[in-house]
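S.K.: Attaching a single structure in structure tokens format; questions to follow.
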Amino acid sequence: MFILVNLKAYPCDPIEVATAARDVAEASGARIAVSPQAADIARVADTGVETWAQHVSPNAHGSHTGSTLAEAVADNGAEGTLINHSENRLKLADIDGSVRAAERADLETIVCANNPAQVGAAAALGPDAVAVEPPELIGGDVSVSTADPGIVEDAVAAADAVDPDVDVFCGAGVSTGDDVAAAGDLGASGILLASGVAKADDPRAALEDLVTGL
Ligand SMILES: O=C[C@H](O)COP(=O)(O)O
């Protein structure tokens with residue numbers, strides 16, 4: 001299981017979380033990555049933690065003011081990127097373009113989706129993984145693996161029907177090792193989470209609890 005911690009735009013210290021994630025990953029052998037604000041990618045990557053972007057634009061170099069260039073995040077230490085997060089939805093053509101841009105920059109990709117139907121469509125674009133996140137559960141206290149286990153199982157089946165090589169992650173409300181274990185039992189290959197770590201009083205303790213479910 002891969003645990004990807006999305007810091008969104010929360011007012012946490014990205015270096016505190018990154019350092020804790022690096023240490024917990026090293027101690028446990030778990031794969032843990034941190035996805036900070038684009039402006040923080042270089043200094044988060046400098047901690048040694050696996051670092052992901054929260055988004056990349058579909059365009060390449062050129063006259064694209066305000067874009068988040070895949071090549072730029074890769075040059076600053078990102079190893080992968082989220083695409084089409086529920087809080088940053090894209091048009092279908094732009095999801096495809098962002099996946100292609102990430103591939104050009106050798107970034108791993110996770111395309112987010114609301115439901116199993118979208119998971120199937122996202123898998124058809126050939127990312128490394130898709131992540132199913134029911135929007136109504138994002139930021140809540142109840143894990144998707146408890147509140148809606150069927151959506152995870154259906155997402156795994158939907159992706160497998162399109163492309164068995166595409167991994168399926170789940171996210172929304174995940175905050176404990178038990179949540180992680182339940183997601184794994186439902187067939188998920190990874191977890192996408194945010195508030196359980198970024199808003200925790202003790203992010204290191206939260207991460208240490210999460211890896212008990214691996
Ligand atoms: O990117 C992370 C997901 O939106 C889940 O967020 P959450 O863990 O705060 O529910």
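Don't overthink the numbers, they just go from 1 along the chain as shown.
Keep in mind that glycine also has a Cβ here, set from the backbone N, Cα and C atoms.
No curator has checked TrEMBL annotations; they are predicted automatically.
Relevant sequence annotations retrieved from TrEMBL are reproduced here:
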BINDING   N6, L7, K8, I138, G173, A194, S195  substrate binding site
ACT_SITE  H85  active site, electrophile
ACT_SITE  E133  active site, proton acceptor
S.K.: What is the separation, in Å, between the Cα atoms of H85 (active site, electrophile) and the residue listed as 'active site, proton acceptor'?
M.R.: 9
S.K.: So for E133 (active site, proton acceptor), how many other CB atoms are inside 10 Å of its CB?
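M.R.: Within a 10 Å radius of the Cβ of E133 (active site, proton acceptor) lie 25 other Cβ atoms.
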S.K.: Listed substrate-binding residues N6, L7, K8, I138, G173, A194, S195 - what's their greatest C-alpha to C-alpha distance in Å?
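M.R.: Max span of the substrate binding residues, Cα based, is 14 Å.
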S.K.: Going by DSSP, is S195 (substrate binding site) sitting in a helix, a strand, or coil?
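M.R.: Helix, per DSSP.
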S.K.: When DSSP is mapped onto helix/strand/coil, what comes out for N6 (substrate binding site)?
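M.R.: DSSP assigns N6 (substrate binding site) to strand.
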S.K.: If you count Cβ atoms within 10 Å of the Cβ of N6 (substrate binding site), leaving out that atom itself, what do you get?
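M.R.: For N6 (substrate binding site), the 10 Å Cβ neighbour count is 23.
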S.K.: May I ask for the distance between L7 (substrate binding site) and E133 (active site, proton acceptor), taken between their Cα atoms and rounded to an integer number of Å?
M.R.: 16
S.K.: Could you state the CA-to-CA distance between K8 (substrate binding site) and E133 (active site, proton acceptor) to the nearest Å?
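M.R.: Distance between the two Cα atoms comes out at 15 Å.
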S.K.: For the C-alpha pair, I'd like the distance in angstrom between N6 (substrate binding site) and E133 (active site, proton acceptor), rounded off.
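M.R.: Spelling it out, the Cα of N6 (substrate binding site) and the Cα of E133 (active site, proton acceptor) are 13 Å apart.
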S.K.: Where among the recorded positions K8, H85 do you find the Cβ with the fewest other Cβ atoms within 10 Å?
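M.R.: Taking K8, H85 as the recorded positions, the minimal 10 Å Cβ count falls on K8.
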S.K.: State which of the following binding-site residues has the fewest other Cβ atoms within 10 Å around its Cβ: L7, I138, A194.
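M.R.: If we count Cβ atoms within 10 Å for the binding-site residues L7, I138, A194, the smallest count is at I138.
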S.K.: If you measure G173 (substrate binding site) to the residue listed as 'active site, proton acceptor' at Cα, how many Å is it?
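M.R.: One finds 9 Å between the Cα atoms of these residues.
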